[in-house]
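Taken from TrEMBL as is:
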DOMAIN    52-463  domain 'Major facilitator superfamily (MFS) profile'
TRANSMEM  50-68  transmembrane segment
TRANSMEM  88-110  transmembrane segment
TRANSMEM  117-135  transmembrane segment
TRANSMEM  141-164  transmembrane segment
TRANSMEM  176-197  transmembrane segment
TRANSMEM  217-237  transmembrane segment
TRANSMEM  274-292  transmembrane segment
TRANSMEM  312-332  transmembrane segment
TRANSMEM  344-360  transmembrane segment
TRANSMEM  366-386  transmembrane segment
TRANSMEM  432-449  transmembrane segment
TRANSMEM  455-471  transmembrane segment
Amino acid sequence: MSLKMCDESKPVDGEVNDNKYFSKTAATDAEVTFEHRSAPPETRLYKKRWVIVFLFSLYSLCNSYQWIQYGIINNIFMRFYGVDSFTIDWMSMIYMLTYIPLIFPVALLLDKKGLRVIALVAAALNCTGTWIKVASARPDLFPVTFLGQFTCSVAQVFILGMPSRIASVWFGSEEVSTACSIGVFGNQLGIAIGFLVPPILVPNVDDLDELAAHIRVMFYITAGVATFLFVLVVIVFQERPDIPPTHAQAAARRISPENYSYTASIHRLLRNKAFILLVITYGLNVGCFYAVSTLLNRMIIEHYPGEEVNAGRIGLTIVIAGMVGSLICGIWLDRSKTYKQTTLAVYLMSLVGMVLYAFTLDLGHLWVVFITAGTLGFFMTGYLPLGFEFAVELTFPESEGTSSGLLNCSAQVFGIIFTICQGKIMDSFNTLAGNLFLCAFLLIGTIITGADCSILIYLGICSSLIVYRAYP
């Protein structure tokens, strides 16, 4: 679920970005003036860029589908494997936990080895994990199915940082937000299918042998798709176009990897106070989404017993609405560049959506839950591209792999904390108390975002004055 604007030229080791809020937008304006003084490098857009981003979206879809395939039929897998609900929750949370220690080595590998190597590793790990699961469709083989899920969770680390890099390496400056949204679109669609398909393929039947057969069919379908996509990645996926799509990419290609210090980049980002605030607020918002998604089956079944299929459909509604929100936000940002104002508005509406969902869940009308869950998904999931686009504005000219890694790491940490805490609150009290727990943290995130944006609007004016004085 990671996307950012455009891969910029990276500072050399020891170089400090004194103007931390000198944004990509301001820099682009300065570049236009600079181009009059020297001949710009050749740029070109290739049709194959759409093949690359859609292929990535497909194997990202296959991986993210597996994130929620256990959790959405939590009660069925509990009975089949003879484990408690918290154990099944970890089948989702392992995706979050694995990401935290591995993201920085993988981000460094992405900077050093490039897109194709990362794509091949991701598709191979995802394929391997699905075939391990095929062998686990027996009640006594829960450790095997956990191993398969763990392998797929490692693959996810190689996937989440890719959309922003694909967009910057392959797409023009007016397309990057849309391309990133398409990249994240695949991830979100996979989650949507993960909500919808498992309750259909694995009905809640009493006979364990029949249940094992249904689970095995689901695992075989996933493995077949993952294998096909791995073969496509091997054949089709290309590192980068022969001619760069933008002047920024042309400049980035002239910088030797040896001149780039990954550690120095992290240190610069950690000194950027505005970016740290964004890391916190992004983690709060996306962590709430992870918790709601993981615990959705438990919430719905508590108030609507026997509605496993509708629980999946409600999850589907959340994600589909979020996909629409992501695409709309991506297109809006490409045209308006109003990162600060749009981020605050969407964050505030995420809070409103969560409050509505919390207070309507137990009314006894599923159609109301569908509406409020869709509203929540539209804004909460629609926030994903906004967070990463805003990060680019705050961290230019740092590598987008590093900043997106920090954002996603924050989301995983908060996702684990919120899922465990909300689950315990639901066990001790009820679902309303658990959802109000999330509302409280979304309120905190909204307040921080509002304060952060007010500061950055002022700093943005200062950046524009700096550019004007440097390039009169």
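Backbone N, Cα and C define each Cβ position, glycine as well.
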Legend entry - Other parts of the chain folded back onto the transmembrane segment (344-360), taken as Cβ under 8 Å at six or more residues beyond its ends: 281, 285, 288, 292, 325, 329, 368-369, 372-373, 375-380, 382-383, 386, 432, 435-436, 438-439, 442-443, 445-446, 449-450, 453
Inset, instruction - May I ask whether the transmembrane segment (88-110) has at least three C-beta pairs under 8 Å with the transmembrane segment (141-164), counting pairs 6 or more apart in sequence? - result: yes
Inset, instruction - Tell me, please, if the transmembrane segment (117-135) and the transmembrane segment (432-449) are in contact, taking contact as 3+ Cβ pairs under 8 Å between residues separated by 6 or more positions? - result: no
